[in-house]
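Marked as transmembrane segment by TrEMBL: 21-39, 81-104, 111-130, 170-193, 199-222, 286-315, 321-342, 349-373, 385-405, 426-447, 453-473. What TrEMBL records for 26-477 is domain 'Major facilitator superfamily (MFS) profile'.
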Amino acid sequence: MAGGVVVSAAGGKVYPGRMTFFVFFTCLVASSGGLIFGYDIGISGGVTSMDSFLSEFFPSVYAQSKANKDTNQYCKFNSQLLTLFTSSLYLAALATSFVAASVTRVYGRKWSMFCGGLTFLAGSALNGAATGVSMLIAGRILLGIGVGFANQSVPLYLSEMAPANLRGMLNIGFQLMTTIGILAANLINYATVSIPGGWGWRVGLGLAGVPALVITLGALSLPDTPNSLIARGYTAEAKKVLVKIRGTSDVHEEYDDMVAASEEAKSIKHPWRNILEPKYRPQLTIAILIPFFQQLTGINVIMFYAPVLFLTIGFGGDASLMSAVITGLVNMFATIISIICVDRLGRRALFLQGGTQMFVSQIVVGTLIAMQFGTAGVGEMARSYALLLVLFICLYVAGFAWSWGPLGWLVPSEVFALEIRSAGQSIAVCVNMTLTFIIGQAFLTMLCHLKFGLFYFFAAWMVVMTTFIALFLPETKGVAIDEMSLVWSRHWFWSKYVPPAGEGGSSRRAHGV
């Protein structure tokens, strides 16, 4: 067969393919699923720092924050009901991830994205019109269902559509859209906080319908991935899509390998049971620990509660929202750096550098807060300290945005064989949402009890996760998604679980050039 299939340095095939307008457009539209996730992260922290919102739905928290000017700064906003408003979304996303896995596998990636956008749209309408806490939380649950579907399907869609040598860059589009959503929400918070009549929070919550509409309508315009089409029996359509996204008619080798992977996947009747087999131990470990560690970086403490956090450490209301806008800008631009570097420097280099930077930043932030408030939580933060604090929070956010932020979604979505890919992604989403819920629910209480030590707590986890990456994550850049077993079979530790190429499984295709 004529063609340009070669063997990469990692031992896997490199198929012909380039950046085409079609693959760029489809990945851009699919990435917009990250807008709903990011917008919610940003808007939740903003509205929970608005007096009008707190006085209407959480009057006890509002009264506590206003009653004593000399109250312990660490415990100013400690309320389980308030944190339930924020974190209920992630509990709903957790429960949805299992249903979303089946929908994504049986009906395709695009219809899972459509379901996510539609339910998020309904949730945004309910929240914007809320008249009580129960209505707010019901809306949050619908938003969570939307996030569960989107986070299940979008990373898989991007990894399967992208050429191997551009997979990192195109997949991180999801995280870039997440950061744009966060930034847009922060700007809206800043613009609406001073609206006369105190209904600015309704504007912020209701406007979540805009990104939901983008992904809902966008999903209708997208083709499904060749892998999903082949798995569902639409082989002719799959080949047409593959030609369009690769920009060449020389796709025979890649297409044949996709068909072989699909045939192997069909022989697996129980993917949830098979994923527990020893040969999938490395991928399962990554699917659990990468999202687990991602949440223990402490990023959602910063992004959920940035305005509340800045209020707590002495910033005024408008100043706290502006500081959140600044961190949102840093988050977005640092993610662009990751897009540029991920397929050049690789996943490991970004993980290791970002982890080190985040560790140092957490230590400095914790120390600055300790020097100003001590363990009593009483004091005012001097302007010079406040500016230094914002600087190191920005350095922390930048480190996350070019490492654990995008790679926490990219790596789990690219390491699984087709037969267990939906189940594996579901586990990754489930772990991510579980930890997000737990940390979101516990953060204000932890801040109240651990005080500045909370930042040292997350810094300690940075040491653990950076060490894990250094020892146990092989480099996956440039490896075709259906050839990924090769990187595990050659790893110093995981090779004991994954058979070498040629001993069965999808790795048998590695030498089919």
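Heads up, the Cβ atoms here are built off N, Cα and C, so glycines get one too.
Given the structure is predicted, the values throughout are model-derived calculations rather than measurements.
Residues of the same chain lying 6 or more positions beyond the ends of the transmembrane segment (21-39) and with a Cβ under 8 Å from any Cβ of it are 109, 113, 116-117, 120, 143, 146-147, 150-151, 153-154, 157-158, 161-163, 170, 173-185, 207-208, 211-212, 214-215, 218-219, 221-223, 244-247. In this chain, the transmembrane segment (426-447) does not touch the transmembrane segment (199-222); fewer than three CB pairs sit within less than 8 A of each other, excluding pairs fewer than 6 residues apart. With pairs at least 6 apart in sequence, the transmembrane segment (81-104) and the transmembrane segment (426-447) have 3 or more Cβ pairs within the 8 Å limit; the two touch.
If one looks beyond the transmembrane segment (321-342) by at least 6 residues along the same chain, the residues whose Cβ comes under 8 Å of a Cβ in the stretch are 42, 45-46, 49, 168-169, 172-173, 175-176, 179-180, 182-183, 185-187, 189-190, 193, 302-303, 306-307, 310, 315, 349-350, 390, 393-394, 397-403, 405-407, 410, 477.
Segment contact holds for the transmembrane segment (170-193) and the transmembrane segment (385-405), given three or more CB pairs below 8 angstroms at sequence separation of 6 or more. Sequence-remote contacts of a segment are chain residues at least 6 beyond its ends whose Cβ falls under 8 Å from one of its Cβ atoms, and for the transmembrane segment (81-104) they are 40, 44-45, 48, 54, 57-58, 61, 111-112, 115-116, 133, 136-137, 140-145, 147-149, 151-153, 156, 304, 422-423, 425-426, 429-430, 433-434, 436-437, 440-445. Mean pLDDT, taken over the domain 'Major facilitator superfamily (MFS) profile' (26-477), works out to 85 on the 0 to 100 scale.
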